[in-house]
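Enquirer: Structure below; questions to follow.
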Amino acid sequence: MRRKLDVTEGEFTLLRNRFGRLIAGTAASAMLFAVAACGGDDTEAAPSGAPAASSSAPAAASAKVGLAYDIGGRGDQSFNDSAAAGLDKAKAELGVEVNELEAANGETDAQKEERLRLLATGGFNPIIAVGFAYSGAITKVAKEFPEIKFAIVDDAAEGANISNLVFAEEQGSFLVGVAAALKSTKNSVGFVGGVDVPLIHKFEAGFEAGAKAVKPDIKLQKKYLTQPPDFSGFGDPAKGKTAAEGMFDAGADVVYQAAGGSGAGVFEAAKAAGGMAIGVDSDQAKTADPTVADVIITSMLKKVDVAVFDFIKNFTANTVKPGITVYDLKAGGVDYSITGGKIDDIKAQIDEFKNKVISGEITVPTGA
Amino acid sequence: MSPQTPDTFVNRLLGRIKLNGLMALAAPVLAILFAGVITSVVLILTDHPPVDTLLAMVEYGSTPRSLVGIINLASAYYLSAMAVALGFRMNLFNIGVDGQYRLAALIAAAVGGAVTLPKPLHIGLILIVAVAVGAAWAGIAGVLKARRGVSEVISTIMLNTIATGLGAWLLAQWAVPVAGSNNIGTNPIPESGHVPSIPLIPGAPNEVFGLFVVAVLVGIGFHVLLNRTRFGFNLRSTGLSEPAAVASGVDVKKMVIVAMLISGGMAGLVGMPQLLGSSYSYSLDFPPGFGFTGIAIALIGRNNPIGVAFGALLWSFLDVSQNILSLEKVSPEIVTIMQGVIVLAVVIAYELVHRYRIAAEQRRVSRELSAPVGMEGAAA
């Protein structure tokens, strides 16, 4: 009898988990459709959305741009969305035709290759892959289609027809580290990283160096939300909130998040604790939920949109160069934001550091 | 053994009660119809033509290149589902296949990358390490259940989380940066550890992973083990009725541990077709989540080696052909809905057919009982 009860419980848990995931999946899809239905297809977030521009754009630039997203796709309010913004801008200003494909959770390299190949055989040129996960796939597929131009964001995969759009995240993070240290009255700041991977280590290293450049004795708390291959740390606000709450409780008053979608939870925690937060990738004082946006003193801008737009623009002008393009502070690829006027008083000091980084007087560590 | 099998929902769900004749055919047909209808409704609701969308998926999914992709992915799904199915057959819920195969793939990749041996030995060593690690990780849950009565559902889920943490730490110890990338991975396995692929599909530019054969062998082995050996008989009878198994002399505690070890060993193989056929290194983007997909596929396939093969191919087909959907401007999440609906449809269809069978049997019995002679006989 006991045994039987045991089994039924096990089975129930199993089914509930399975169905919970299904229901969540279905609900999410339904919401996605609702958004698509209400918002039209591509009007959202086109930065300089001139609706007439696409029709009046020169017909010469009729490139078909294919873009493959990393996990999360359009709508993650962060990394992928930034790429999407660049794509939308290219569509509006250059009149190019675009198509976007999304990655699924837990897929193999073969599926990523297939996605790029599908774009290549579908007549898309150029093709942009967003995220280092496409590293192996793009190397292979670019070889098969030498006449097509490929670009990959955040990775240095080599190929005669691959352009690498990489960023000096540590330099931007350095500046917000400076801002955090200057704004901290308790001499204690925090860093929340999404997933413990080398890419996010660059954010951490830059932030730490920036904070210590101002106050060498500052206390720094660090926390990564998940360990690979669990990449949920980039999309779990609850985890972000718990981590940030712990930091505020332990005396921090400014927390920098490099955790993608989990950052929303960090902002909530900052709001509840009366602390300050620093956003990442996009100007989050503008993109975050308005109820918490006032805790965001600045954001580390990683201008994936600029990189994507530049690449497409170069393509239409026939000036694409293979190899690495580093979007650093000097090139304006990374920066800090001033929306909200929370750091106007210390802007001069931050800019002083900014000039030192640009001139090479300060070399920011990359954590590698 | 089917007359002794208690006619409960669990036994029907896990395919322990077999359907005969027409009804065995009716259930899958009903499931496919049901899934098709629901998916079409969702497509219509979202303003997409259902027939064209499904045809586009079939067309793309049946190109030689896609077929190879489907078989390659299905190999991993199949191994995962069989690992789950073995547990299911004796009422053991191994939810930990995910952690078992990830840890096994990581350690096997590290060992494979650290040594150089002649070809067959090198491959053999990697496979043995993978099986051993998977079995050991599952064995922890087996021992906990046998010695301390810890529910394997809880312990395997916990072990998944521990495997993630342990794996991340080990990877950080062993990893070398993938040249010029933000990715890190174990030292690549040298050429002697690569398994040559098989040009199975004519006209395809890509080839099927050589370890596809292992998946087929595991399927055959599963059938033989369960249906042709004393161990298999003990395993099935323990699953059906533990007290009866104990009464007939089965050492249930030992069975739990051994079944967990075998299930974990099979789980250890899940990552191998990918690792030795294409990746050659366990890196940050090594595919996770096959273990959970395996649970769904085991349910679809009713824990039967042939049924699971169909389930794995179907699931893999949907995964592979979802790429074409975004190209057609259909949200790829539609595939997630389809996969969910199929699991539900299979469970519901089989349950409906079983209930029909039970009702029909009851009608037959009551007809026999209500026959004039039967009345007195039954009363007496």
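From the backbone N, Cα and C atoms, a Cβ is placed for every residue, glycine too.
This is the feature table in TrEMBL:
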TRANSMEM  B:21-46  transmembrane segment
TRANSMEM  B:66-88  transmembrane segment
TRANSMEM  B:100-117  transmembrane segment
TRANSMEM  B:123-144  transmembrane segment
TRANSMEM  B:156-176  transmembrane segment
TRANSMEM  B:208-226  transmembrane segment
TRANSMEM  B:256-276  transmembrane segment
TRANSMEM  B:334-353  transmembrane segment
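Mind running through what each feature is packed against?
Expert: With a threshold of 8 Å between CB atoms, the same-chain residues lying at least 6 positions outside the transmembrane segment (B:100-117) that come near it are 80, 83, 125-127, 129-131, 133-134, 137-138, 159, 163-164, 166-167, 170-171, 174, 185-190, 192-193, 264, 267-272, 274-276, 279-282, 286, 288, 290-291.
Residues of the same chain lying 6 or more positions beyond the ends of the transmembrane segment (B:123-144) and with a Cβ under 8 Å from any Cβ of it are 94, 96, 99-101, 103-105, 107-109, 111-112, 115, 117, 150, 152, 155-156, 159, 163, 189, 192-193, 195, 214, 256-272, 275-276.
Within the chain carrying the transmembrane segment (B:156-176), a Cβ under 8 angstroms from the stretch's Cβ atoms is held by residues 93-96, 98-100, 102-103, 106-107, 110, 137-138, 140-141, 184-187, 282-284, 291, all 6 or more beyond its ends.
Sequence-distant neighbours of the transmembrane segment (B:208-226) (same chain, 6+ residues past either end, Cβ-Cβ under 8 Å): 68, 71-72, 74-75, 78-79, 82, 85-86, 89, 127, 195-201, 232, 235-236, 262, 266, 269, 272-274, 276-278, 305-306, 308-309.
Cβ atoms under 8 Å from those of the transmembrane segment (B:334-353) belong to residues 9, 12-13, 15, 19, 23, 26-28, 30-32, 34-35, 38-39, 42-43, 46, 53, 296, 299-300, 302, 314-315, 318-319, 321-322, 325 of the same chain, restricted to positions at least 6 beyond its ends.
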Enquirer: Under 8 Å between C-beta atoms and at least six residues away from its ends: which parts of the chain pack against the transmembrane segment (B:21-46)?
Expert: 53-54, 330-331, 334, 337-338, 341-342, 345-346, 348-350, 352-353, 356-357
